[in-house]
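The transmembrane segment annotation in TrEMBL covers 23-41, 104-123, 129-146, 153-175, 181-212, 219-237, 273-296, 308-331, 371-389.
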Amino acid sequence: MDSKTASVSVTDSESTVTSRRSIVLGGLVLLVPILVYGWVFSRYAINIPKFEDHTLKAFLLNLEKAGSVHEWVYEFFRQHNEHRIVYDRIITWLDYNLTGKLNYIHLMVVGNLSLVLLLAVFVRALQKTGAAVWMALPVALLLFNLSQWENMFWAMASLQNFTVVALALATFYALAFKNRVGWTAIGLAVVATITSGNGLLIWPVGLMLLFLRQDYAGVMRWLAALAVSFRLYFLYYEKPPGNPVDSGTLLQKFHGWLLFNGAAAEALPFQNFLLSCTVLGAVLLGVTALLSILFLKQHLFGPKLSGWQIFFLGTAAFVVGSGLVVALNRVGFGLATLTTSRYKIYSLTLLSLLFTYWISQSRPSQRRIRAGLASGFSFLLAFFSYTTYLDESVYLRKYLTTSQFNWSYTQPTPVSTVDAQTRKLINNAPAFYDASVSRLYQIPQSLPTARLDTVFKANDEYVARLDSFPVLGIRDEGAYLVARSPRRTYLFATRQNLSGSRRRWLQPRHTFGPGFTAQIPENELDAGTYDLLLLAIKPGNEWQFYSTGRQVTASGQTATPFKKNW
């Protein structure tokens, strides 16, 4: 008897050690795409606000001006477009108060960490069926790649778009695999609601899941939380301005819906990305609809739905429903808008859901094969993303860097004119021009010449092109245009031409080819006539100026502000 007990104890111990080893090794496998993603993030992220990021500075200033607790709390809940971005503002407030300065890279890091939570949800869901941790590799490859570049390097977007998806799936996991509705699921749903407007979808979707589970006590608790959340969300709510008057035809909206769900395909090396996204979207929606119909039929006529089926239905409804809302409201901006990087998290999540379901529902003997096949496809998509979107990442960094220069130096001398309030909130990001900014104001009269092939005006902006300028690097290096008058000096980024070589799909250093284009919005220039010069930043931050022999003239009229509520 004693020997048998000892034998069982040793066997259990060995099993536990093996299980822990499997988890650790699986975690290391999943860590690889995360580390690659993190390295790319460290190369191109920069502490400069992009577009709506500026409103976070205004939020902090408004907090300081608040004259009462009510006004202070209101600033957190103030409407932003159709959203209540309370989560973004809480993270902003914490970062500022803990570090003494607002740092947009910190906000990006927090937002991108939501992808880790999203991956963890899929890992836990796979483990519910006995699958090994490493079998979530397809999900890690899909979530952590440069397809996400826009959210990845945009503080507000990463905090909002990544976080709401992660919280939504965490909510559905809690509803699907827990015995009853607890504060965890309700709390996650509430936080998602005050993160992004589509977080509201979690409530009706969650209600559907509870009815499918026949958890009627949970239904009552959920309805109570839903009523309170909706009432508070729409308190003093106003319909946001700014959406296009022409919302598109019904066919265009359907096409946009397909594009939204298949947007992940843009990373693949196909010439017609709209076609590839449409095809993938149709396939993903078709498979999702078929499985959902089968699950609902089983609910009506067969055995009780499993936790995984409940989780699948919730996630699918949220992702597909979010896409439908976006397509209905945004297709007027153009079909290509539905494939932009900030929306790709939904397509990648839907693909992750289908892969993990396919793996989890297979026999143990087939799981390795299915996980391997899914990982192969995901690896190709992730690999090609780093060449497909490298140009966007490089240009965004250059655009933000030059924008910082233009709002920091507004006089004919190399002295920063950033106001005291802004300096109190945020430090300017280190930039390639910091140590040599005076050179932009002391450019010699005699310069070598680099003739622009064309400069023309279209849609209130000047477009400049040079077809023979060499590739100097894939970060801050490259060509910049300097617009100079006696009153102001401006710096503008250029977009290096893409290489026509097929090697660019396999080697990032071959992404770019000779030549560049640049856009100079007239409304960003003070009134006057500006000489255009070319600044080449070579490796090692070596500067070389060239005369282009071209000028541009600005009327000084500012752009008509678009309607907004922030």
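Here the Cβ of each residue, glycine as well, is placed from N, Cα and C on the backbone.
Between the transmembrane segment (181-212) and the stretches 104-123, 273-296, 308-331, Cβ pairs under 8 Å are most numerous for 308-331.
Using the rule of three or more Cβ pairs under 8 Å, pairs at least 6 apart in sequence, the transmembrane segment (104-123) is not in contact with the transmembrane segment (219-237). Listed by sequence, the residues of this chain that lie at least six past the ends of the transmembrane segment (371-389) yet keep a Cβ under 8 A from its Cβ atoms are 33, 40, 131, 134-135, 137-139, 141-142, 144-147, 149, 264, 266-269, 341, 351, 355, 358-359, 504-508, 511. The recorded stretches the transmembrane segment (153-175) and the transmembrane segment (273-296) do not share 3+ CB pairs below 8 A when only pairs 6 or more apart in sequence are counted, and are therefore not in contact. Outside the transmembrane segment (219-237), and at least 6 residues removed from its termini, the chain residues within Cβ reach (under 8 Å) are 79, 84, 181, 186, 189-190, 193-194, 200, 203-204, 206-207, 210-211.
Residues 22-23, 25-27, 29-30, 32-34, 36-37, 40, 115, 118-119, 122-123, 152, 264, 267, 308, 345, 348-349, 351-352, 355-356, 359-361, 364, 367-368, 371, 374-375, 377-379, 381-382, 385-386, 388-390, 393 of the same chain lie 6 or more positions beyond the ends of the transmembrane segment (129-146) yet place their CB under 8 Å from a CB of it.
Counting same-chain residues at least six beyond the ends of the transmembrane segment (308-331), those with a Cβ under 8 angstroms from any Cβ of the stretch are 125, 128-129, 165, 168-169, 171-173, 175-177, 198, 201-202, 205-206, 208-209, 212-213, 243, 247-248, 252-257, 259-261, 285, 288, 291-292, 295-296, 298, 337-338, 343, 346, 349-350, 353, 357, 360-361.
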